[in-house]
Amino acid sequence: MSKLHVVDHPLIQHKLAFIRDKETGSKTFRELVNEVSMLMAYEVTRELQTEEYEVETPISTAKTRILSGKKLGLVPILRAGLGMVESVRNLIPAARVGHIGVYRDPETLQPVEYYCKLPQDIHERELIVLDPMLATGGSAKASIQFIKDRGGTNIRFMCINAAPEGVEELQKAHPDVDIWTCAVDEKLNEKAYIVPGLGDAGDRLFGTK
């Protein structure tokens, strides 16, 4: 079974309070999602491999450490996942960015892929899938499967807010994919919104309804 990591750093919890607040406008909401994503990225990447590296300082030589493992890839789930990409990529400029979009077929209720553009060397990369919310788990589950179908193997899922139902669904479908979130809330309501949640992240990020 995959691990669930709840990142409860005080700075993250402070910013999450205002992300949840319905009075927070779109501009501030975007900024807060950016900031929280950057803070979360420190934890999500904590176990990246490093190797010893010697540099010349202005005074002498120093033995330091640099990244040495697999290259990284970021895969936001459209559209809300776009709000998390910039800050994470600022920390990891060499990371390649793919995009994946899914929608639910109104008749079959099954996830359908409508867009997918991933790095060609996806099988050589450690991948972080980004989406602010993990509600039912349907989009995350399907997106990760589409990524696996194209050769992705080393995958982590990063969200800001999750419902227990979504966590359970994702863990059941992909027990090899660890989940990072800032909060696991009470439940989903009858409309599949997280309670208390933060509303529709895509609408709040981009000012749409």
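Going from the start of the chain as shown, residues are counted 1 onward.
Note: Cβ is positioned from N, Cα and C throughout, glycine not excepted.
What Swiss-Prot records for this protein:
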type	residues	note
BINDING	Arg79, Arg104, Asp131, Pro132, Met133, Leu134, Ala135, Thr136, Gly137, Gly138, Ser139, Asp200	5-phospho-alpha-D-ribose 1-diphosphate binding site
BINDING	Ile194, Gly199, Asp200, Ala201	uracil binding site
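When the alpha carbons of Asp200 (uracil binding site) and Ala135 (5-phospho-alpha-D-ribose 1-diphosphate binding site) are compared, the span between them is 11 angstrom. Comparing CA positions across the binding-site residues Ile194, Gly199, Ala201, the one lying closest to Gly137 (5-phospho-alpha-D-ribose 1-diphosphate binding site) turns out to be Ile194. Between the listed binding-site residues, namely Asp131, Asp200, the fewest other CB atoms within 10 angstroms of a CB are found at Asp200. Separation of the C-alpha atoms of Met133 (5-phospho-alpha-D-ribose 1-diphosphate binding site) and Gly199 (uracil binding site): 9 Å, rounded to the nearest whole number.
If you check the binding-site residues Arg79, Asp131, Ser139 against Ala201 (uracil binding site), the ones with a Cα inside 10 Å of its Cα are Arg79, Asp131. With Ile194 (uracil binding site) as the anchor, the candidate binding-site residues are Arg79, Asp131, Ala135, Ser139, and the one with the nearest CA is Ala135. The local packing around Ala135 (5-phospho-alpha-D-ribose 1-diphosphate binding site), expressed as other Cβ atoms within 10 Å of its Cβ over all shown chains, amounts to 24. For the pair Asp131 (5-phospho-alpha-D-ribose 1-diphosphate binding site) and Gly199 (uracil binding site), the Cα-Cα distance reads 14 Å.
Cα distances from Gly199 (uracil binding site) to the binding-site residues Arg79, Ala135, Ser139 are smallest for Ala135.
Contacts of Arg79 (5-phospho-alpha-D-ribose 1-diphosphate binding site) defined by a Cβ separation under 8 A and a same-chain sequence distance of 6+ are given as Gly101, Gly202, Leu205, Phe206, in order along the sequence.
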